Amino acid sequence: FSTGAFLIPYFVMLVVTGIPLFFLESAFGQFCSQGPINIWRAVPILQGVGIAMVLVTLIVSIYYNVIIAYSLYYMFASFQSPLPWSSCLSWADSNCSSTPRVSCNVSGVLVANWTQYNITCPETDVITDPVQSPSEQYWDRVALQRSSGLDETGPVVWHLALCLLLSSILVAAALIRGIKSSGKVVYFTATFPYVVILILLIRGVTLEGAGDGIQFYIGSQSNLTKLYEAQIWKDAATQTFYSLSIGWGGVMTLASYNSFHNNMFKDAFVVTLTNAGTSVLAGFAIFSILGHMAHIYQMPVGQVVKEGFGLAFIAYPDAMSKLPISPLWSVLFFFMLLTVGLDSQFAGIEVIVTCLLDAFPKIFKHKRALLTTSACAIVYLLGLPCVTQAGIYWVTLVDQFVASWVLLVLALLEIIGICYIYGGNRFIKDIEMMLGSKSFAFWLWWRVCWFFISPSIIVVILVWSLMTFKPPFYGGVQFPVWGLALGWCMVVFILLWIPVVAVYKLMKAQGSPWKRLKTSCSPSKDWHPYLDVHRGERYSEERCCPMRNRENKQEVNVNVISSSWL
């Protein structure tokens, strides 16, 4: 997409869905100090939503680990001068060229160097031969060793498999002691990218042609007609949910470690606006350097800009190879990608580990290190198909199906469960137990978003996207029918847990069908703040469970709670 056009739906989605849902999930997780499965004790019939969130997190963590492996490989490859993708070397084919190949059609004969023969070539007879840049061929032929399609799996690309292993080791080492160890690591991984972005931005804006790149980013070259396409709005919503961890349990899990009276309202604004501001700032740093590359190639900026993986691993490496001291800028850039990727991977693995700890506290209570290591090992093994020669097709397939459609469905069910079944007013009272009483005017905007705007926008985007669905592809290669069927099967497998668990809860309940439904939609006796001291009159032992013998109540392990916030 033209970036300027994308920023409009992105910020619209941030205001009407991103911030409200981040606030909702933060408050939901902080209130009961539980992971995304146990948290649905508030609405037992929707506990399948929590299971679906964990499955999404698991699958996304698998392919996100692969993206970290890509960053590691490019970072290591950058310790060379000149950069290996700066020119066409032995690994390139005849289609590789650092400059455009232009020919002139002279009486049906293509002449390459017509100026040497004093021939004047009309613009209508100028033919540009399709070529690939060295960075594009390096990505396909060296880094990925990409096969012809999903049908041709090919062997494991071992340099990527080793980088994948290193990524898993780094994540396991950072999370082996839980929040206590990862919190310290995040102090570096969350702040270092800002240093690199500022360095790249200062360097970028001083380059010739930087203005053209920035103009393409937010200026008059933006193609606003893209706003009429459903895909850009779906991608804006997905990007908002993905970058803020909305819909896949990350926010709930990390908020569950907050102190009960932590001001999650302030956190919601600080985190979401910082996230959006960082994206915009990084855009200036990236497009200023891409503008310089377009200036060198004498091409429009739109022709050198790539989407998705192409931007990070083709266009930007190509741009950096044109800079003085190019290995330095390349190492900084890919180390920044590494730290950003590790931050996201920390959240994903933490969701999986926290849910297992919540589900089986007696088994895993003193085995967190073993559990974390095992989770990282399983994610590594499941990621090996994604580092075969067809690995990029698997990564694209998962990204297009699991990390987009499913997140929208889960976010919609989350809103319905909390606001319409559990009760928006009851939820607001829960929040006020943590923040203190607020006025009606304070809650007006949040009520409007939670009850009407956010769910309506998600429904419209889902329906619009399904009506205009186009099969995904990568590098011009279409996926086979069985590949697309597998993508939809992943979606069905994740969402199937929602009705299965709902039916199980109804069957387990007692009484008439209506009473069973009412029981399954009402909070269970275990739904309350984790510590007794925070329960107050609304969730007191006598009021919630009047028949329970208080002397037999299980002792609460206060060591589970930490006041740190990632």
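In case you wondered, yes, glycine gets a Cβ from its N, Cα and C as well.
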CYS88, CYS121 - which one TrEMBL pairs with CYS96 by disulfide: CYS88
Sequence-remote partners of the transmembrane segment (240-257) [C-beta within less than 8 Å, at least six residues beyond its ends]: 10, 13-14, 17-18, 21-22, 25-30, 32-36, 39, 50, 53-54, 56-57, 60, 179, 264, 271-272, 275, 279, 344, 347-348, 350-351, 354-355, 403, 406-408, 410-411, 414, 561-566
The transmembrane segment (328-357) in contact with the transmembrane segment (269-290), cutoff 8 A, at least 3 CB pairs, sep 6+: no
Other parts of the chain folded back onto the transmembrane segment (185-202), taken as Cβ under 8 Å at six or more residues beyond its ends: 174, 278, 281-282, 284-286, 288-289, 329, 332-333, 335-336, 339-340, 342-343, 346, 566
Cβ neighbours of CYS96 (disulfide bond) where a neighbour is any other Cβ within 10 Å: 18
